[in-house]
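Have a look at this one.
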Amino acid sequence: MSKYKLFLLRHGEGAWNKENRFCSWVDQKLSEDGLKEAQDCGRLLKEQGYKFDLVFTSLLSRSIQTAWLVLEAMGQEWVPVIKSWRLNERHYGSLIGLNRAEMAKEHGEEQVKVWRRSYNVTPPPIEESHPYFLEIYNDRRYTTCDVPKENLPRAESLKEVLDRLLPYWDSTVVPEIKQGRTVLISAHGNSCRALLKHLEGISDKDIASVTLPTGIPVLLELDENLKAVKPRQLLGDQVKIQAAIKKVEDQGKAIPST
C-alpha cells in the first residue's frame with residue numbers, strides 16, 4: 001500500500017550534455033534547452049497539483065539551477081533547498097571531459113556502455129595532471145563536505161555512488177519523508193539511478209538498462225518501509241519521454257565515419 005510520494009529529477013540539459021561529454025564533477029550551468037526543460041517540468045508539476053515541502057540537490061550548479069527553476073515555475077520559491085555532495089553525479093575519473101561518441105569509436109560501444117551503465121565497474125581514477133583536476137578539487141564548495149577533501153572520490157562505479165549516497169538518504173532524507181513531507185530530489189542521472197536501484201530493488205544487471213532523460217520528473221510511491229509499491233512513473237508526454245530516453249542511450253554510440 002502506498003504511503004509516501006517521492007519525486008526524483010535528473011537536472012535539465014547541461015552544456016556538456018549537449019556536447020556529449022562526460023561532465024561528472026565539472027561544474028556546468030544549464031544549456032538554453034536545459035533551462036526550458038526545468039521550467040517546463042515545474043509547469044507540469046504545478047498543473048498536476050503537486051506541492052513540495054523540501055528539495056534536496058547536489059553541490060553542482062546544474063542540479064541547483066534546475067531546482068530553483070522548477071520551484072519558480074510552481075510558485076513555490078520559498079520551499080527550502082538543502083545541498084549535499086552526496087547527491088553529486090557519479091565521478092567518472094579520467095573520463096571527465098571526453099566525448100562519449102568519440103570514445104565509442106576508439107574503445108568500442110560496449111566498453112563505453114560498461115563505463116556508463118555497469119553497476120560495479122570503476123573507470124580509471126582522475127590524476128593530478130588531468131586538465132580538470134584542479135578545477136574540481138580547488139573548488140571552495142568541497143571544503144563544506146562532511147568528509148575531508150582528500151577523502152572525496154577520484155572515480156566511482158554506480159555501486160560506489162550508492163555507497164556514499166545511502167548514509168545521507170538514511171540520516172537526512174528518510175526522516176523528512178517519514179514526517180509526511182513531500183520531497184523532490186533534484187540531482188543527476190547516476191545519483192537518481194543509484195537511488196532507484198535501492199528503492200525498487202533493481203538487480204545489478206538490470207540497472208544497466210535504466211535510463212533517465214534530463215528534465216523529466218519521476219514519481220515513486222513508497223510503502224511504510226520506503227520501498228516502491230508500483231513501477232516508477234515518468235511524468236509528461238510519453239512519446240516525448242521515449243524519444244528523450246533514446247537520445248540518452250544513443251550518446252554512447254560511435255559517430256559513423258563520413
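Glycine residues also receive a Cβ, built from the backbone N, Cα and C atoms like all the rest.
According to TrEMBL, the record shows the following:
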type	residues	note
BINDING	10-17, Arg62, 89-92, 116-117, 189-190	substrate binding site
ACT_SITE	His11	active site, tele-phosphohistidine intermediate
ACT_SITE	Glu89	active site, proton donor/acceptor
SITE	His188	site 'Transition state stabilizer'
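What's the neighbourhood like for these features in this structure?
Within 10 Å of the C-beta of Trp16 (substrate binding site) there are 18 other C-beta atoms, taking all protein chains into account.
The Cβ of His11 (active site, tele-phosphohistidine intermediate) lies under 8 Å from the Cβ of Leu30, Gly34, Ala38, Leu60, Arg62, Ser63, Gln65, Thr66, Ser186, Ala187, His188, Thr214, Gly215, each of which sits 6+ residues away along the same chain.
The Cβ of Glu89 (substrate binding site) has 25 other Cβ atoms within 10 Å, all protein chains considered.
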